[in-house]
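J.: Pulled the feature table from Swiss-Prot, pasting it below:
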- 96-125: compositional bias 'Low complexity' (COMPBIAS)
- 233-245: compositional bias 'Pro residues' (COMPBIAS)
- 11-90: domain 'Ubiquitin-like' (DOMAIN)
- 90-143: region 'Disordered' (REGION)
- 212-247: region 'Disordered' (REGION)
- 298-318: transmembrane segment (TRANSMEM)
């Protein structure tokens, strides 16, 4: 069915309530209606019969004003238009006296029930429902929180029983406090926040006190009395213990804090771009040597670079520290000296050996100096050539 004028075609509106108390209502209207006329129509056909002044209509996240026409607001390509109906509350909040009297009635009834020793669940539920009534159907979600509900929230807090216990059973020597006022300078949510802050500060203070007591107990510990020895017969001196020779520490050890196998990050991060960069550097170096020298020199330089690289990789260890000894051998040599330290003949023999070593050291000074010059020259040459070759990733030592 097609309509000749657009204004005469009915439009279908789906009215949704935010509090979900009523099902979605489908209403037919016309595009030439204003929002005010639609509100008056809803006050007649909607189940809760809300007044036009209390209605708020929201379409596509926008509040519809009363003077707007539906043809200027609704999208023409949609078949159904979803409109949200929000009703403002006209009920004034309850007075503080009523809430205070209801609280006193609740405390007196709870005192009577505790003194009798038997509680009725059915009556408790009825009292709760009568003390905290449900919101009326015409109210929306944002206006359903009454002062009584916030008061119930405060009394349901875990720390609220401390105040009730202090009010019912005061400490000896003190009078029972007066009834707590129903309304204070702070809101119920602020009171809850202050209670949580106080509990946390009290916990921190108790922890600090306990740690200080444990520290003072450790400092005030009595020293262990020493056994009394006879001055006439002193005990013999015990033999000195051999020095603890610590094993040699490898400075290249890699640690893994995660507890898994040791993995070198440089080996993992060497992608194809890194390899291309390394190969390009080597190619530039070799091209310079090849174009600016003869073929024989190029072969000699290539061979030298390969040998230096293999030596750096650890395939040809040319220089070995022959003077290094195992720590166990030094410990084995130290122990006989400690054992024979009190022998006078052994002391004389060691003095004679020391004189002979002085003469031998004077004769070997020149040899050591000559070896130092050769070692320095070899170190300079190897360092120069190895600096021309790009270094590879360090080998992980487990």
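From the backbone N, Cα and C atoms, a Cβ is placed for every residue, glycine too.
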J.: I'd like to know the mean pLDDT over the domain 'Ubiquitin-like' (11-90).
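T.: Within the domain 'Ubiquitin-like' (11-90), the model's average pLDDT equals 83.
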J.: Kindly report the helix/strand/coil residue split of the domain 'Ubiquitin-like' (11-90) according to DSSP, in that order.
T.: 18 helix, 29 strand, 33 coil
